[in-house]
Amino acid sequence: MTQEKWGQLRQKLLKTVGRNNYKTWIEPLQFDQMSEGVVTFQVPTNFMGNYVSQNFADLILYELNNSGETVQRVAFKVAANTATRPMRASETPAEPEVEQAMAPKSQSAYSNTGLDELQAAPLDARFTFDSFVVGKPNELAHAAARRVSEGGPVTFNPLVLYGGVGLGKTHLMHAIAWELKARKPELNVLYLSAEQFMYRFVQALRERKMMDFKHLFRSVDVLMVDDVQFIAGKDSTQEEFFHTFNALVDQNKQIIISADRAPGEIKDLEDRVKSRLQCGLVVDLHPTDYELRLGILQTKVQQYRTTYPDLQLADGVLEFLAHRISTNVRVLEGALTRLFAFASLVGREIDMDLTQDCLADVLRASERKITVEEIQRKVSDYYNIRLSDIIGPKRLRSYARPRQVAMYLCKQLTSRSLPEIGRRFGGRDHTTVMHGVKRIEELKLTDGQIAEDVEMLRRALEA
Ligand SMILES: Nc1ncnc2c1ncn2[C@@H]1O[C@H](COP(=O)(O)OP(=O)(O)OP(=O)(O)O)[C@@H](O)[C@H]1O
C-alpha cells in the first residue's frame, strides 16, 4: 500500500459514499503506514477516528482488499500535530494511539454474489418471537411483524420498522425470517443489512456481474433490509435499491425494512425512495418503559437459570435495574450478563450491594447529564478548533459557526437557560445565544452540512 494507491482508492470511495460523506470523512484521512496486515490512517480528531471507524472502516477494508492488498484491519490514530486530549469514560474506549480497528463483520459479505451465499446471511438463533418481550412501546411493531411472518397474502408492502438504537428492530426482523422459514420453507427469504446490499452491488459492478445481481435480488420472495439509513447519500446504491424495490413490489413480493428513524427523516435519502418506503406500513419501536424493561430482565433471568442454576437473586434487584438503566435494551442485557458472570465468579448472591459494585460505571453513565462543557469540548473537537476559540471573543466565521452550533446543542440537550448558556460562553448576552440558536435552526433547513454536523454531534453526545 502506498500513498499513491490510497489516492486512487479514495476516488473509488467517492463514488460509493457520495460527495458529502467523502468531503467530511474520507478526504481528511492521511495514509500513515501499512504493517502486518494493518493499515493505519491519521485523523485530525478522536471524534473523527471513531466515526470513520464505525461507519466506513468496513468499506475501506473492502476496497483495499479488492485492489490486491491483503489487509485484515483498518486503524486510526490522531495526527501527532493535532491537539489531543485524554478520552473520557463516556467515549468509546480506545487502545493507546490506535483508536479503533475494525475487522470485517463477516468475511462472507465480501466474497461473492451467489444466491446460496445470500440465503446464508446469518440469522441470530436467539432472535425469535418467543424471546421477544412485548410491551406498550413495541406492541404495534410486534403485531405487524407477526402478521408478515405468517406469509399470507401481502397486505402492506413494505413493512418498515424504525426506532432508536437497541430497541429490537434487528431482533424482530430475524424473528420474522425464522418464522417464515418454519412456516413456508419453500419461500426464498433474504435478510441482509443495507451495508451488505451495498457491498454486493459494488462488487457486482466491479466484476461486471450486474445481470446476476439483478436476477438474484429479483428472485427472492421476501426481502429484508436492515438499517436502510446506511444507503442515504450513496447515490448509485440508492438507485439500485430503488429498482430492486420496485421490481419486487411489482411481483407482489414482501419487503421488510428497518431504519433508525422514520423514512421521511432520513437525510440524504432520495425522495423517491422515501416515498416508496412510506407507501406501506410504517411502525415505530418507542423507547422502552419501566414495565417492558422489567419484563425483558425477567425473561433473561429465566434464560440464565440454565447456565447459572445455583445463583440467588435478591428481591428488588431487577426492579432497581429496570428503573435505573437506560431505554436501550442492549445496555440492559449487557448489565445483566455482567452481573451474573460476576456473581458466579465470586460465588455470591446477587443483591443490591453486589449490583452497585459490579455495575457502578453503567449506573453512573445512566445518571449522566450532558453538560455545557462537554458540548463545548465535543464541538471544538469536531471542528478541530481550540476550546478557547469556542468560548472566546473571536468573530471569525470559522469560530462563530461552531460556537452557534454549540449554543444550539446546549439549548437542546441541557436544561440551562439562555442567560446561563451565555455566561458559559465567555459572558455573552442571552440575546446573542438566542440569535445563535435561531441561526442554526434556520441553517439546519437550508444547509445539509450543518444539519448533518448537528445530528452527528447530538448523537455523539447522547451516546
Ligand atoms: N422486546 C425485546 N425483548 C427481548 N429482547 C429485546 C427486546 N428488544 C430488544 N431486545 C434485545 O436487545 C438487543 C438489541 O436489539 P436489536 O439488535 O434488535 O436492536 P436494534 O433496534 O436493531 O438496534 P440497532 O439500531 O443498534 O441495530 C438484542 O440482544 C435483542 O435481543
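We number each residue from 1, going along the chain as drawn.
Note that Cβ sites are derived from N, Cα and C of the backbone, with glycine treated the same way.
TrEMBL has this to say about the protein:
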- 1-95: region 'Domain I, interacts with DnaA modulators' (REGION)
- 85-106: region 'Disordered' (REGION)
- 155-285: domain 'AAA+ ATPase' (DOMAIN)
- G166, G168, K169, T170: ATP binding site (BINDING)
- 344-463: region 'Domain IV, binds dsDNA' (REGION)
- 371-440: domain 'Chromosomal replication initiator DnaA C-terminal' (DOMAIN)
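A map of TrEMBL features onto the structure.
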residue : record           : Cβ neighbours (10 Å)
G166    : ATP binding site : 20
G168    : ATP binding site : 26
K169    : ATP binding site : 25
T170    : ATP binding site : 18
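Secondary structure of the region 'Domain IV, binds dsDNA' (344-463) per DSSP, as helix, strand and coil residue counts: 91 helix, 1 strand, 28 coil. Highlighted in sequence order, G163, V165, L167, H171, L172, S258, L285, V329, R330 have their Cβ within 8 Å of the centre of the Cβ atoms of G166, G168, K169, T170, the residues recorded for ATP, and are not part of that set. Applying DSSP to the region 'Domain I, interacts with DnaA modulators' (1-95) sorts its residues as follows: 43 helix, 18 strand, 34 coil.
Across the domain 'Chromosomal replication initiator DnaA C-terminal' (371-440), the model assigns an average pLDDT of 92.
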